[in-house]
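Enquirer: Please see the structure below; I have some questions.
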Ligand code: ADP
Ligand code: ASP
Ligand code: MG
């Protein structure tokens, strides 16, 4: 491990010049914070726009040959105000002109969206007096679009070898010189990659909450924060909707043992959450670590007598999904029944064709479709050692008069997933939280 802390700052931490000042105080508060990864400016207030959303909108307008002038003006104004108020020596006007021209000329969605981080990186580097290193030079993708970790490690190490302090924008990289982004929220992944490639002792992820909370603060008021969480639990929670950290950001750091610390830019005195190896979490204490959930699933429930004896039944089902380019979330099964739980956005307009193919190839007795379903995962490392967790969950749901439509326990035994109707989602979520947190 080297004397390096990588600090990633999210959109709300860099939304205006006041936030930039907080970021500078944090960075300068520890000499080890040598590599800084910024997101694009986020919302300054609840109804504000994120720069990334505005950039995608510009791209969509340009693609459909609609003027994006007005949208681009908002973007220009945000960056110009930042550069002016922070008094940095960056020729923001000419960068903006170049970007606008490229969008007009048909630049890709990835290029367009990546400019949010690019411009913010230029401003932050000047403000901190750190070197600017373009992520396009060091974050490498493979031809089919996934990260090329081996090539990235070589490029980052080579580029940063003689640079003591640098700002590397998050969210994007390149493939053969063409800009490519991660999925939304992907600056978290860039931060983790830079931490790995610089052998950092710590990856700090600075955001607008004091760590990973036991529940989504948009659903439960003032949820308790989690002091320590294992990579495994975090993956379950973030995959199931706790979007504070991108679900893929643990992979670069987990196998090299770099802890992640989620911190609050607006309350730097708070310790935040540490994401660590299992070995480093001493006591399990509470029976659950947290709750997460997502709405908008469709469940296809299939029944067939003696299904258990029919070899290849599930293979046929999954092949039908695969050939339609649909991935599934869960597949709870009984002796003569099986359900496919799929995100509605995955199914799109393919539902009819999938149902037809299931009928034709699998010849089921019945096939029912349940749309508008939500999943809630209750996650906890201590769950498989503690009696009564499931009882608590189901008792709380029954008291809240929520109809549980589906139950599934992951084989890792650190989560219980229940399915409820979309309209019961918040009620069920709060009921489970209150059962564990008094
Ligand atoms: P950033 O812009 O810093 O990357 P994000 O908006 O991506 O921040 O993530 C932080 C937000 O995640 C919080 O403001 C909160 O609304 C939301 N969130 C959802 N679930 C949780 C959770 N379990 N713990 C903390 N925050 C959560
Ligand atoms: N700015 C990008 C987004 O809004 C990436 C990030 O914030 O991590 O998705
Ligand atoms: Mg984020």
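Glycine too: its Cβ is placed from the backbone N, Cα and C atoms.
Just so you know, TrEMBL annotations are computer predictions that nobody has curated.
From TrEMBL, here are the annotated features:
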- 8, 9, 10, 11, 207, 208, 243, 244: ATP binding site (BINDING)
- 52, 117: substrate binding site (BINDING)
- 378-438: domain 'ACT' (DOMAIN)
Enquirer: Using a Cβ cut-off of under 6 Å to any atom of ligand 2, determine which of the binding-site residues 9, 11, 207, 243 qualify.
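Expert: Near the molecule: 11.
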Enquirer: Please work out the number of neighbouring Cβ atoms within 10 Å of the Cβ of residue 117 (substrate binding site), leaving out its own Cβ.
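Expert: There are 30 such Cβ atoms around residue 117 (substrate binding site).
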Enquirer: Looking only at DSSP and grouping its letters into three states, which state does residue 243 (ATP binding site) belong to?
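Expert: Where residue 243 (ATP binding site) sits, the three-state DSSP reduction gives coil.
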Enquirer: Residues with Cβ closer than 8 Å to the Cβ of residue 11 (ATP binding site), same chain and 6+ apart in sequence?
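Expert: The answer is 39, 40, 41, 42, 43, 50, 51, 52.
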Enquirer: Measuring Cα to Cα, how far is residue 208 (ATP binding site) from residue 117 (substrate binding site) in Å?
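Expert: Cα of residue 208 (ATP binding site) to Cα of residue 117 (substrate binding site) measures 18 Å after rounding.
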Enquirer: Would you count the other CB atoms within 10 A of the CB of residue 52 (substrate binding site), including those on all shown protein chains?
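Expert: Result for residue 52 (substrate binding site): 24 other Cβ atoms within 10 Å.
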Enquirer: Can you tell me which of 8, 9, 11, 117, our binding-site residues, come within under 6 Å of ligand 1 at the Cβ?
Expert: 11
Enquirer: Counting across all protein chains shown, how many other Cβ atoms sit within 10 Å of the Cβ of residue 8 (ATP binding site)?
Expert: 29
Enquirer: Please report the three-state DSSP label of residue 52 (substrate binding site).
Expert: helix
Enquirer: Ligand 3: which of the binding-site residues 8, 9, 10, 11, 117 have a Cβ closer than 6 angstroms to it?
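Expert: So the answer is 10.
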Enquirer: Expressed to the nearest Å, what is the distance separating residue 10 (ATP binding site) and residue 117 (substrate binding site) at their Cα atoms?
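Expert: Pair distance, Cα basis, whole Å: 10 Å.
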